[in-house]
């Protein structure tokens, strides 16, 4: 089916994905960024900052930015790399993935430009497939080395999730794991709590995480389940009140209704030889209130997509 591409007043061409049950997603060509995901009741599941700057070359605060070839300031490049503020193209030949002959999938591609090669002298192709199904949003990123020498990179899908009140949210599946605390000069700690809850600023990189993490929103009586492959780390971030006020593209009160739980590969950089390809996958699913706290046994979450 032909893709539904619209040009909004903000000047950003976007692809609208829909599925028969009524859920939808919007994907910008700018940044290859998912900026909306609504369930069948038209409720928005992703957070967008009330002060997001919709003007290149700024990155857009919200949705699901693609962090490549660097996450955060874990390297010499600009914060979170440059993929999130480049114009991507529709990928006409997304091999070797199976063709997606339906309206609910879009394939995008970003190739290195002369400008990029000045700051990161490595030739690459970054592909992203975004698919929507009943209650599910799936992203499949792939990086191919088109250079004549090996290169390394870090990567993340930064998931800005919409929550009713972050103080009432629990994240389960990261218990007993080691993490870097970015608020403590990346000192390494071990998670002691039976679930992560929030009463202040959090900025952590959890290491060697399971393939399934649950974000439980008690007030909304819903759980978002994050499943991932090829992305061993998970970042948990909320700026809280002081940092929110200091960020120019973040509303003062926005921190209360958002939480980032990211799929990432940070601790161990991904190494690609010439012509090699790396592939990751993440699936966000919106589960009803019958799926509640305590059902995510950390010993059972290791089975991934099965």
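Residue numbers in this text run from 1 along the chain shown.
Any Cβ shown, glycine's included, is placed from N, Cα and C.
Annotated substrate binding site per TrEMBL: 61, 79, 84, in sequence order.
Same-chain neighbours of the substrate site beyond 61, 79, 84, judged by a C-beta within 8 angstroms of the site's C-beta center, are, in sequence order, 58, 59, 60, 65, 67, 80, 85, 158. When Cβ atoms from all protein chains are considered, those within 10 Å of residue 61 (substrate binding site) total 23, not counting its own. Take the CB of residue 84 (substrate binding site) and look out to 10 A: across all protein chains shown you find 22 other CB atoms. Within the same chain, the residues at least 6 positions away from residue 79 (substrate binding site) whose Cβ sits under 8 Å from its Cβ are 72, 73, listed in sequence order.
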